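A short worksheet on the structure shown next.
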Amino acid sequence: MRQIAFYGKGGIGKSTTSQNTLAGMAQNGNRIMIVGCDPKADSTRLILNTKAQVTVLHLAAERGAVEDLELEDVLLQGFADIKCVESGGPEPGVGCAGRGIITAINFLEEEGAYEDLDFVSYDVLGDVVCGGFAMPIREGKAQEIYIVTSGEMMAMYAANNIARGILKYAHTGGVRLGGLICNSRNVNRETDLIEELADRLNTQMIHFVPRSKQVQEAELRRMTVIQYSPDHPQADEYRTLAKKIEENTKLTIPTPIDNDTLEELLINYGLLGSEEEYKKVMEADMATQALTRATSINK
């Protein structure tokens, strides 16, 4: 059994990408379980064709304790017989969101949910790699990490941060980076940019997923593209990514870069102005504001 994880910043399309990819892997005959580790609990809805799955933490709070739950209470089966669990999180502003991940994984292990599987996939929020969110990495649960990113600055910043988290536990937990998945935002020279970032991080861009309205069309119906429109070219993109992950042997210890190097990369690809350009823009802004203030005073 291989344990993989999809990490990425919020809003990058991580859950959509992972569910479409896992649907392709399941169609190839793999027995799969998804463990959603995002407080939004949206890691399984396209597989289950539902709004949001009831989470382990929510049910545990209702029943009194996680020990009062049965496996069938939290584990549902969806498209292509993919098993689905959502760990959930606490009320906003209260407690640690990562606690749900730890609680859910421990419960699933104790209940034998990991038996007879080819892949377990963790779908994890990656804006911050705090102790709870890093749990699949830290405890060696996830052996292969796939980072969903794009050519946008904050997505790349998050990818580099996640690489730092992987490096921290690579020697103790045995976790490795499987590659970057570029979920395209139609940024100029996006393929080249992510390939260079991957090279700097000592990994590969395992696949470039083009932007397509078909993804949103399928999402409106709470389906993956593979289920909603199996003959569409976008479905083939996810099948290709699925095959690449199944056959991937390039698992590496990442080499994160510092923020200055990342900024330099963005400047080289024209996505960020140089320090001189930044100063000019700021000076122009200040001059405009001063002129506006002077005009309003004269009135």
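Cβ coordinates are placed from backbone N, Cα and C, and glycine is handled just like the others.
The model shown is predicted, which means the values in this text are computed figures rather than measured ones.
Database features, via Swiss-Prot:
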type	residues	note
BINDING	Gly8, Lys9, Gly10, Gly11, Ile12, Gly13, Lys14, Ser15	ATP binding site
BINDING	Cys96, Cys130	[4Fe-4S] cluster binding site
MOD_RES	Arg99	ADP-ribosylarginine
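Here the Cα atom of Gly13 (ATP binding site) is found 23 Å from that of Arg99 (ADP-ribosylarginine). Neighbour density around each Cβ, counted as other Cβ atoms within 10 Å, peaks among the binding-site residues Gly8, Gly10, Gly11, Gly13 at Gly8. Long-range Cβ neighbours of Ile12 (ATP binding site) (same chain, at least 6 residues apart, Cβ-Cβ under 8 Å): Val148, Thr149, Ser150, Ala155, Ala158, Asn183. Reduced to three states, the DSSP call for Arg99 (ADP-ribosylarginine) is helix.
For the recorded positions given as Lys9, Lys14, Arg99, the lowest number of other CB atoms within 10 Å of the residue's CB is seen at Arg99. A strand conformation is recorded for Gly8 (ATP binding site) in the three-state DSSP classification. Cα separation, Gly11 (ATP binding site) to the residue listed as 'ADP-ribosylarginine', rounded: 22 Å. Close to the recorded ATP site, the chain also has Gly126, Val148, Ala155, Asn183: residues not among Gly8, Lys9, Gly10, Gly11, Ile12, Gly13, Lys14, Ser15 whose Cβ is within 8 Å of the site's Cβ mean position.
In sequence order, Phe6, Gly36, Asp38, Lys40, Asp42, Ser43, Leu46, Asp123 constitute the residues six or more apart from Ser15 (ATP binding site) in its chain with CB-CB distances below 8 Å. The residue listed as 'ADP-ribosylarginine' and Lys9 (ATP binding site) are 19 Å apart (CA-CA, integer value). On the backbone, the CA of Gly10 (ATP binding site) and the CA of Arg99 (ADP-ribosylarginine) stand 19 Å apart.
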